[in-house]
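What follows is a short report on a single structure.
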Amino acid sequence: MAFSRVFPDPPSKSIFKTFALMLLSIVTSLYFLHCLTERCGTCIPTERREAGPVEAFYASKLKDFESLRRKRLLQKWTVMRHHSLIHRLESVREGGLTLPVIDADRHVLQAHVKMSNSLDVDLETGESYFDTGKLSALGEGSKKLPQAIIIGVKKGGTRALLEFLRVHPDIRAVGAEPHFFDRNYDNGMDWYRDLMPKTLEGQITMEKTPSYFVTREAPARIYAMSRDTKLIVVVRDPVTRAISDYTQTLSKKPDIPTFESLTFKNRTTGLIDTSWSAIQIGIYSKHLDNWLQFFPMSQILFVSGERLISDPAGELGRVQDFLGLKRIITDKHFYFNQTKGFPCLKKAEGSSKPHCLGKTKGRTHPNIHPEVVQRLRDFYRPFNMKFYQMTGRKFGWDD
């Protein structure tokens, strides 16, 4: 005790204390500076330099990856919506939903398909799934040879029938006439198949070319493609059909001879010129003989062109039955256009507006002398009677 009061701390101990205090001060200062730097680092300007080639390469790849990721997510969503829509269509077939509900879903899906296309997503949009046919996501479905063909007749109402049928969700049809079995057969079956729209399981591929019915080689060629092909023929009063045929030609060639001069080989004797195609097409029984050598009558359906105007839903019902499809196209799809003189769709698929056939349909026929019309009726009567007998249906053209 006395020693500690008389003598101070040893020199080595004093130096140690001083060093420890200095070290603690330095550490504290460094810690404080570190905290200040961390807190204010965003305010301290830093020198920016351009990215080198390596950094730029990886930045580009990262951007591409993010873009691809967004595309794939959008693809997945679109496919899910597509299958949801197909499921809802199945519900329609079971009577669970109404068409307006499906229309709403379709417009949503089409909007997102357009969005997908803007991002280069691999979606086929060609003809719409409903109208234009209809949508096929991510290349879904495949192109098949037609299982059903509208083979005739010219100016009978084939375009109207095709447009009406395309309302059905289970029918996919080519809009233009392929003319494969009469003009383009040498192009080969692969060329023909490639013209067809893609179809899903359970859908029917169709096309229409009215000249097939009067083409001698067509039955054998279609039979070689598939003996199970279903054939549809739209027939019309042959006299009215001939006048309509002439009217169409007259609109393109105003300087052609009169209908009367083309109808007769000799006007005095009243001999009909059957070499004129407008007359020849109407000899339905003769052309049907050619088809029956390859196809049974059970595979050929005859649609009345007159009833397609007066009762479109009734004729469409027969066609849907023939194709093995549920009757989805009904009276509610049509209204009668008084100006044009034939029925139109209340709303075309893919549009909110009514849809009528183009201005080339429903042309006003020229006035034909009543005597010429009667001569033609007399000429066609025996052929009509044979046709009624062959088809088992009276079309009322001679009443």
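A Cβ is built for glycine as well, from the same backbone N, Cα and C atoms used for every other residue.
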Cysteine paired with Cys344, where TrEMBL records a disulfide bond, from Cys43, Cys356: Cys356
Around the Cβ of Lys155 (3'-phosphoadenylyl sulfate binding site), the count of other Cβ atoms that are within 10 Å: 23
Set of same-chain residues at least 6 away whose C-beta sits under 8 angstroms from Thr364 (3'-phosphoadenylyl sulfate binding site): Thr247
For Cys356 (disulfide bond), the one of Gly157, Arg159, Ser244 that lies nearest, given that the binding-site residues are compared by Cα: Arg159
Integer Cα-Cα distance in angstrom, Gly157 (3'-phosphoadenylyl sulfate binding site) to Cys344 (disulfide bond): 13
Cβ neighbour count (within 10 Å, all chains shown) around Cys356 (disulfide bond): 19
Residue among binding-site residues Lys155, Arg159, Ser244 with Cα closest to the Cα of Cys344 (disulfide bond): Arg159
